[in-house]
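J.: Let me give you the structure first, and then I'll get to my questions.
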């Protein structure tokens, strides 16, 4: 028995570990270090209809507990992804989750319809939570009705299950998640980055050319866990959790909160081997805790009832 295997809509995962979109490109750089087939899945970089060159530099800044980025959805565009990147990934025994973005509803729908037909794309991740673009992205992800309508329209044309990336930059993430579920989403991915800023004390100006950027890394982990803990009790669709994961112990925290799989983001920049290391470490951790299968951990923190909370301070 594979103790790490996970079944999600459209995804039969050999293990629940995958690199998060935007932190792994299309896998080419990391394939020089290890066989990508060891991964549970790969969330490829966000794809838009036309190529995007992203925001001006500097667009990355370190913080004490992570990093800020304002990349701006830089990508080669739909045609190149379909003609070059996805065919290259076919050599690996790993399902692909295609992250899609756009400036308009029509762009999202067009990209979703086309990319979901690729033979190795098993699911879509609808990016409505990127805080670093002037059009699209988070503009679709902060109003429940807008997010729900976009989800519904993408579901109508997608040939594979649709997961929606939920923004933490909202007043009520539970209301947002429920609206997306009711619109037909097959799953959620959460959380994306939190909007932040750093200022250069010598110039008095923001370090990032964009001014603000998305905060990721260990600093956001407690926020991600709290949000997943709340949302997982309010919806019935699975959650792929992300936000500051670096170790096998982190993975179990996310599972206990209610995630059914996880994505590792910023840690890939620190250690390119972080994903295979976590995969290798998980069985021993399960042994130490007397857990037979990783699925036994899902929602353990609130299913016991001892610590369930349903309100915010």
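Placed from the backbone N, Cα and C atoms, the Cβ positions cover glycine too.
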J.: From 127, 268, grab the residue that Swiss-Prot records in the same substrate site as 45, 69, 70, 71, 72, 73, 192, 193.
T.: 127
J.: Run through 45, 70, 72, 193 for me and report the binding-site residues whose CA is within 10 Å of the CA of residue 21 (FMN binding site), in sequence order.
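T.: Within 10 Å Cα-Cα: 45.
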J.: Roughly how many Å lie between the Cα atoms of residue 46 (FMN binding site) and residue 72 (substrate binding site), rounded to a whole value?
T.: 10
J.: Would you mind reading off the Cα separation of residue 244 (FMN binding site) from residue 72 (substrate binding site), to the nearest angstrom?
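T.: Computed Cα spacing between residue 244 (FMN binding site) and residue 72 (substrate binding site) is 20 Å.
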